[in-house]
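What follows is a set of notes on a single structure, which appears directly below.
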Amino acid sequence: MNTLLSIGRSIITSAPRIVSARQTTVTARTMATVSTINMPRDPNTLSNYNNWRTKHTIADLAIDFTKQRVHGTVTLQLESITDKESEEIILDTSFVDVQSVAVDGNKTGEWTLEKRIEPFGTPLSVKIPGGAAKGTVIALAITLSTTDKCTALQWLTPAQTSNKKFPYMFSQCQAIHNRSIFPCQDTPDVKSTYDFRIRSPLPVLASGLPRGAGSFVHGENGESGTLLYSFYQEIPMPSYLFALASGDIATASIGPRSLVSTGPEELIGAKWELERDTEKFIETIEKIVYPYEWTQYNVLVLPPSFPYGGMENPVFTFATPTIISGDRENVDVVAHELAHSWSGNLVSNASWEHFWLNEGWTVYLERRIIAAVHGEAYRDFSSIIGWKALEDSVKLYGEDHEFTKLIVDLKGKDPDDAFSSVPYEKGFHFLYYLERLVGKPSWDKFIPHYFTTWKKKSLDSYDFKATLLDFFASDSAASKALESVDWDSWFYKPGLPSKPEFDTSLVDKCYALAKKWESKDYTPSPSDIEGWAANQVVVFLQQVQLFTTPLTPVQSQAMGKAYNLVNTKNVELSSRYFGVGLAAKDETVYQPTAELLGKVGRMKFVRTLYRKLVVVDRKLAVETFEKNKDFYHPICRDQVEKDLKE
């Protein structure tokens, strides 16, 4: 391993700002007392995780829907990885009410919450007098409560749920929000096993395998009684994969090792949507990488305010309800989140500066699943849609922007601000380029090697490079081909990479129909898109959005009526059509856009539509946001606030 690391770093000589941070030692810091620490390679944590590593986490927590708080005790078992060099453990926290800290059962130890450092939070310093010998494990038991400033949890009132009967709570910890639930080493460079013991009046799901529920306690003052729900996770996972949800949740089988959970009224529809493809997807990716290691693969379909398409929490993928469209056209989200079970969950990026290692690999594997199930042309079809998303992100940021690089500089920055399609699609294109360079048969041998080498570990881009070059060192043809890779350009050059030649067989008719719409006189008919898959309509709408001259309002209205795009349940279609209508300044789509923004919390749709709506009707955009801001998840709300600033 050391050999690989030195190879990986010595090759990249033209990027002197990147150093092997794991080998850098400093002897002072500004936050608290002087202490010897090894500088970590993740700039978005305040923890001294290169001196101490969390090995196991026990979360004994209660969910209080009345006060909208999670409270209890979290015990971190931390191993000293130096020999008495560090006399304190520093943990990440953000807006957590820390009430006590016990060190190996001793509550008389010294601990301090330091000054808050934006955007990362408040470091919690726990004194360990004399330090600890290398390999010693120290248990920190931290009693705490979340606060109303917690950025990881969203609380829904009964009125915000579909059946209006019970409250609901769910977490979203990626990228650096676990620290707002409990103090931790909030970095993907640290992995821990977990025990969850969660008390709630409503059913609970977590990112672990269920042990069952019991230990009923009667409620007081007319409140509901509670059960203790237990889960365990024996595969070490990073802090951002800690996940909880509690509410009126019903469950059904969608395969031999898979369940779907959602609201009781939505269960039948969700089961139908997912049961055909889930096991097929699992069996397909197992042939590409290796067998699934997390025992169960389940899907929790969340209320509509969930900010992402899906979140790859182990055992239970958290998914947006927008995938339940009644036509099985959006189940590729499941393929994506399933692929994360290998890329991201088993093998993790060491910091959010190397996020492409999670998402680029996942998009790559997702498209390999699609190709195996539907045919190779579908991989290129998906890639064409992805290329448009990449172009949109680069256009939004500007082609010279830091956040359009594969490796981004996040020092002092909130990783959420860098979230876009760039790590997904630019990362995919880098891997797709390497596949074509060495040849698919050779590349397919590298895939399981890579995921075996880094299983249960974290890596950065230089580790990836070293692993790749080492694997192909004995293959003279592949090694020769890899000599042509301009690593510096791929890693550090902003903007778009070279566009590959795609198989356009599935999109040619989409392009042809879009071409017809360039004429102001074109009269549409429902037969134009008869027999089309939803994603083909997506490609058509994307092409129309590229027009130099937008449609007229009359054209926009004719399109919506002929192709039934206003009332479709498929948000992938309605959101893009509204984008076309807003560009056309078609006032008949303004109110439907505002209504959709009150029903969907997925940032992919919400942020895009607000950016377009604010251009044509700032007043309506601001009013819509003010009306719905409590509906949105805190992560989404914060990003839209930034989007709407003048």
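For all residues, glycine too, the Cβ spot is worked out from N, Cα and C.
Within its own chain, GLU337 (active site, proton acceptor) has VAL299, GLY310, MET311, GLU312, THR317, ALA319 as residues 6 or more apart in sequence whose C-beta sits under 8 angstroms from its own. As annotated by Swiss-Prot, active site, proton acceptor applies to GLU337.
Less than 8 angstroms from the CB of TYR424 (active site, proton donor) sit TRP356, GLU359, GLY360, THR362, VAL363, GLY386, ALA389, LEU390, each of them six or more residues away in the same chain. Positions annotated as active site, proton donor by Swiss-Prot: TYR424.
For GLU312 (peptide binding site), the number of other Cβ atoms no farther than 10 Å from its own Cβ, over all displayed protein chains, is 25. Sequence annotations record features per position, and here Swiss-Prot assigns peptide binding site to GLN172, CYS173, GLN174, PRO307, TYR308, GLY309, GLY310, MET311, GLU312 based on similarity to another entry.
Its Cβ taken as reference, HIS336 (Zn(2+) binding site) is surrounded by 23 other Cβ atoms within 10 Å in the chains shown. DSSP classifies HIS336 (Zn(2+) binding site) as helix under the three-state reduction. The feature Zn(2+) binding site is assigned by Swiss-Prot to HIS336, HIS340, GLU359, with sequence analysis given as support.
The Cβ of GLN174 (peptide binding site) has 27 other Cβ atoms within 10 Å, all protein chains considered.
Around GLY310 (peptide binding site), taking its Cβ as the centre, 22 other Cβ atoms fall within 10 Å, counting all chains. For HIS340 (Zn(2+) binding site) paired with GLN174 (peptide binding site), the C-alpha to C-alpha distance reads 13 Å. Under 8 Å, Cβ to Cβ, and six or more positions away along its own chain, GLN172 (peptide binding site) finds ALA152, GLN154, PHE306, PRO307, TYR308, MET311, PHE318, HIS633, ILE635. Taking only the Cα positions, the spacing between HIS336 (Zn(2+) binding site) and GLN174 (peptide binding site) is 16 angstrom. The Zn(2+) site is defined by HIS336, HIS340, GLU359, and by the 8 Å test on Cβ atoms against their centroid, the other residues of the chain that qualify are GLY310, GLU312, GLU337, ALA339, SER343, GLY344, ASN358, TRP361, THR362, VAL363, LEU365, GLU366, TYR424.
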